[in-house]
Amino acid sequence: MRHLLGIAGWRRDELEALLDRAQAHLPGGPDASHVLRGRVVANLFFEDSTRTRSSFEVAARKLGADVLNWSYAGSSVSKGETLLDTARNIEAMGPAVIVIRHRSSGAPGLVARHVKCAVVNAGDGAHEHPSQALLDAFTLRQRWGRLDGRTVLIVGDVLHSRVARSNLLCLKALGARVVLCGPPTLLPPGLEEMGGEVTHQLDAVLPQADAVMCLRLQTERMSEAFLPSQREYSRLFGITPARAERMKPDALVLHPGPINRGVELSPVVADGPRSVILEQVANGVAVRRAILEACAS
Ligand code: NCD
């Protein structure tokens, strides 16, 4: 595996092989501190991040790598330096892998065409966020064994969500049924062509779900008013304790973070027994260790 730019184009057996590899990177697994010893992983984050950047950093350090953390704040981007100039300069410092997050779809692909090292997409615009989809699939597989025949309901601002796109591709490839639900203004065209089912009726579909993945309203990516109000959104699409009551008894709740508590997800549900949100974060390190190992070898 040279780069990880998206889930699109991956076969089921390739995804499963990566998830199997991640299994060996769970806490308590064999020491892997020699895997990237003496090598550098460069984090290039042109957008804010809490989980993804820290998770790649912890993963890289567990593999013995040195980590170069670059962020746009305080960088020469403010002086007009281009994406490719920034990437080429970081590459000149010799990293084995560049992990990149950017507000523009396709930015990691562009960088990958101009550098010799491996490139991992840590989220590009509304396009893809493959490491998030892989850690979500890993978490569900850990709970269920297999995803075949399971229904995953993705609820919220699908239009602006790279997490939703990558998850739709990944979960479908692994055999799950994927239903996407949200207000018509926040569901992009083309989801059915990618294998998804689309609905605006949350209460009708909720009892069918084996897992519900909540998405944040990504207001910083909204160019216009897509909703009457957040309160109206919560009334129609928020995962409240009353809605959680109507889910299957063992249905799980996921969220990629950051959570806007009380908007898309009630705090009681986020911190309740259905929630696997912190399992997602913990598994993220193992999955990213597997990704870095695969890309750097
Ligand atoms: C998401 C992102 O940045 O795409 N967060 C993440 O990486 N886990 C989702 C979001 O911003 O809402």
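Cβ atoms here come from the backbone N, Cα and C positions, even for glycine.
Record features, source TrEMBL:
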- 2-142: domain 'Aspartate/ornithine carbamoyltransferase carbamoyl-P binding' (DOMAIN)
- Arg51, Thr52, Arg101, His129, Gln132, Gly257, Pro258: carbamoyl phosphate binding site (BINDING)
- Lys79, Arg162, Arg216: L-aspartate binding site (BINDING)
- 149-294: domain 'Aspartate/ornithine carbamoyltransferase Asp/Orn-binding' (DOMAIN)
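Overlay of TrEMBL feature records on the structure.
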residue	record	Cβ neighbours (10 Å)
Arg51	carbamoyl phosphate binding site	15
Thr52	carbamoyl phosphate binding site	24
Lys79	L-aspartate binding site	6
Arg101	carbamoyl phosphate binding site	26
His129	carbamoyl phosphate binding site	27
Gln132	carbamoyl phosphate binding site	27
Arg162	L-aspartate binding site	25
Arg216	L-aspartate binding site	20
Gly257	carbamoyl phosphate binding site	17
Pro258	carbamoyl phosphate binding site	11
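The shortest Cα-Cα distance from Thr52 (carbamoyl phosphate binding site) to any of the binding-site residues (Lys79, Arg162, Arg216) is found for Arg162. Ranked by Cα separation from Lys79 (L-aspartate binding site), the binding-site residues Arg51, Arg101, Gln132, Gly257, Pro258 are led by Arg101.
Here the domain 'Aspartate/ornithine carbamoyltransferase carbamoyl-P binding' (2-142) has, by DSSP, the following mix of helix, strand and coil residues: 58 helix, 27 strand, 56 coil. Other residues of the same chain near the carbamoyl phosphate site, with their Cβ within 8 Å of the Cβ centroid of Arg51, Thr52, Arg101, His129, Gln132, Gly257, Pro258, are Ser49, Thr50, Ala122, Gly123, Val163, Pro256.
Closeness to ligand 1 is met by Thr52, Gln132, these being the binding-site residues among Thr52, Lys79, Arg101, Gln132 whose Cβ falls under 6 Å from the molecule.
Over the domain 'Aspartate/ornithine carbamoyltransferase Asp/Orn-binding' (149-294), the average per-residue pLDDT in this prediction is 96. Look at the domain 'Aspartate/ornithine carbamoyltransferase Asp/Orn-binding' (149-294): DSSP puts its residues at 60 helix, 24 strand, 62 coil. The closest partner of Arg162 (L-aspartate binding site) among the binding-site residues, by CA position, is His129; the full candidate set was Arg51, His129, Gln132, Gly257, Pro258. The separation of Arg216 (L-aspartate binding site) from Arg51 (carbamoyl phosphate binding site), Cα to Cα, is 15 Å. Checking each of the binding-site residues (Arg101, His129, Gln132, Gly257, Pro258) against Arg216 (L-aspartate binding site), the C-alpha distance stays within 10 Å for Gly257, Pro258.
Those residues noted as binding L-aspartate (Lys79, Arg162, Arg216) have their most widely separated CA atoms at a distance of 32 Å.
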